[in-house]
């Protein structure tokens with residue numbers, strides 16, 4: 001609400017020299033944003049810049065810095081474990097994002113109608129989100145223990161054979177993906193529920209009158225009108241999967257990057273280099289590549305969807 | 001309406017200024033307190049970080065630390081305070097590294113040989129030699145103290161020696177129709193016996209499966225038994241050898257044949273009660289500390305101990321690990337921290353010797369790192385399972401290697417890729433050897449042992 005000269009005078013506020021009311025309003029706005037911007041700068045921006053700068057140094061974690069130029073990037077290019085971690089992360093993303101999309105949307109469609117039973121189901125599906133991820137990882141780890149865990153015993157009882165879900169490099173990553181989906185699908189269900197509730201019911205009624213079945217309604221009404229929500233879900237789940245917001249905790253507790261580096265996500269490799277091997281400079285170089293990858297993904301998605309704008313808007 | 005709006009805006013405007021004024025005022029008031037940590041630090045108790053917390057697996061272990069610190073505090077002006085870090089975070093976590101990276105490392109802490117070089121090469125270890133008199137220095141056998149020394153200076157005081165052996169469940173042996181005469185002495189025999197002990201709910205033998213320097217520590221003796229080394233006398237990699245390939249293949253065969261698990265319980269292969277005691281494994285590759293752990297957490301389970309089996313034509317050798325007290329050279333009072341380490345573990349006073357005996361026989365079950373403690377402990381080191389270690393297992397113990405993190409990562413990857421990844425041991429040994437050579441060529445830290 002713009003302040004006018006007359007009400008400023010009425011309020012007894014002296015006019016600041018040379019500033020229009022619009023400028024003063026803008027300055028006030030900046031002051032309100034300032035604490036948040038400062039927080040972002042101090043706790044996100046500066047550490048990011050420092051991490052990027054660190055990538056050009058050999059940093060031992062005990063106060064020792066030595067300029068190495070692009071040495072860390074040369075090491076990175078020749079480091080097979082970095083490339084393996086990149087492949088593991090890509091595999092994780094390629095499985096997790098579609099799985100979250102399908103499970104989140106599927107659950108949302110299942111519990112879309114408002115009634116007591118669906119209310120209960122929504123709570124149950126969302127419940128994993130209320131538990132610490134470390135606890136979730138520990139519980140699944142116990143459930144999946146070779147031979148004596150509930151899951152291997154169940155699988156064995158069904159005659160499917162004996163499996164080591166967290167000890168076999170062929171299976172461990174998929175075990176982590178499964179737990180990630182189980183943990184996150186309730187969250188994405190809620191987001192899709194919000195999107196579904198924004199679609200006017202008249203569209204479905206009109207389609208039904210025109211003879212459209214449930215599949216046609218889903219294909220021609222639900223999916224197109226969910227595009228903004230879908231875009232949000234895809235970008236958030238993809239960024240979270242690459243950046244390892246949840247993945248890190250699961251890998252740290254369940255597999256520690258093993259067995260045989262089969263769950264060595266890039267984010268965990270960065271952690272290992274920094275905190276277990278005290279190669280902070282190298283970790284900075286790895287982190288900068290991860291940030292670039294994240295920026296690339298985000299830019300591609302924005303370009304692809306023209307900034308998240310959709311035709312029907 | 002206009003009047004009302006004007007008043008509201010006026011209030012908002014005043015409120016903004018007030019917010020800024022109050023904020024600035026609070027900030028100004030807070031300024032003098034921001035750096036107080038440093039101004040108070042000089043007189044503050046020294047921080048002693050370790051992972052033997054009250055409520056841990058064996059209560060006597062945390063009590064030993066409490067008693068040691070209480071004893072020091074009762075007779076010294078510079079007080080010491082214990083701080084506990086969970087074991088998993090201490091060994092593989094961020095706590096220590098972030099503390100040192102921010103200049104807030106503990107004044108006193110404990111390190112294993114596997115992690116010694118990280119801190120020594122980082123320049124944070126205080127030289128403890130001036131605080132230990134010559135007689136006490138000679139009390140530590142060279143084989144025990146060597147991997148805590150650089151250029152004849154002592155940078156860590158060992159509190160224990162922990163040789164590795166095989167623990168087995170007598171009940172599992174009996175169920176499989178085996179007895180102590182069937183205890184395996186060779187690798188082939190071990191795999192054969194483990195096969196007989198394996199059931200649908202139990203593995204025959206357990207080696208650690210978690211990647212990290214503990215797993216490396218438990219694998220080294222199998223490398224050495226066939227004459228293998230990771231570094232030759234010329235400083236170059238010796239990893240690409242038949243002995244390495246055989247040792248990698250031995251663990252791989254154990255997993256591939258299904259007699260050894262791909263996962264372990266209780267946080268790691270060091271946990272005896274969780275694995276052997278629970279019946280998850282019939283034989284476990286674990287160290288001497290498991291005696292105290294089993295006594296405390298699985299007291300009713302009968303078990304036996306035997307030496308590590310050897311390959312055909314191999315020579316018996318086991319590895320002796322153990323933690324050591326170290327002082328932070330950049331701490332708030334490195335002198336007092338160094339004095340404490342020596343007072344606690346490396347003085348010729350009876351109290352210091354008894355403390356080592358107490359740690360190795362009451363709080364834990366370890367071999368002592370000092371000759372005087374071995375003599376003072378007397379029968380405690382000769383009776384029962386401790387006697388088995390003293391007489392049969394400990395002779396032939398080789399100290400745990402000290403390696404920089406880069407080296408243990410290369411070795412760890414080789415173990416993981418063959419044991420759990422099923423890759424060809426010969427190809428893995430060759431690739432790891434090339435990586436080791438590349439690292440050794442540019443390495444400039446303290447000597448790798």
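The first residue you see is number 1, and the count goes up from there.
Glycine is treated like the rest: Cβ placed from N, Cα and C.
Per TrEMBL, the features are:
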- A:30-57: transmembrane segment (TRANSMEM)
- A:86-301: domain 'ABC transmembrane type-1' (DOMAIN)
- A:92-111: transmembrane segment (TRANSMEM)
- A:123-143: transmembrane segment (TRANSMEM)
- A:149-166: transmembrane segment (TRANSMEM)
- A:173-197: transmembrane segment (TRANSMEM)
- A:217-243: transmembrane segment (TRANSMEM)
- A:250-271: transmembrane segment (TRANSMEM)
- A:283-304: transmembrane segment (TRANSMEM)
Seg_contact(the transmembrane segment (A:283-304), the transmembrane segment (A:30-57)) with at least 3 CB pairs under 8 angstroms, min sep 6: yes
Top Cβ-contact partner of the transmembrane segment (A:173-197) among A:30-57, A:92-111, A:217-243, A:250-271 (pairs under 8 Å): A:92-111
Residue numbers, six or more beyond the limits of the transmembrane segment (A:30-57), whose CB comes under 8 Å of its CB atoms: 65-70, 72-73, 280-285, 287-288, 291
Highest-contact recorded stretch vs the transmembrane segment (A:217-243), from A:92-111, A:123-143, A:149-166, A:250-271, CB pairs under 8 Å: A:92-111
For the transmembrane segment (A:123-143): best-contacting stretch of A:92-111, A:149-166, A:250-271, by Cβ pairs under 8 Å: A:250-271
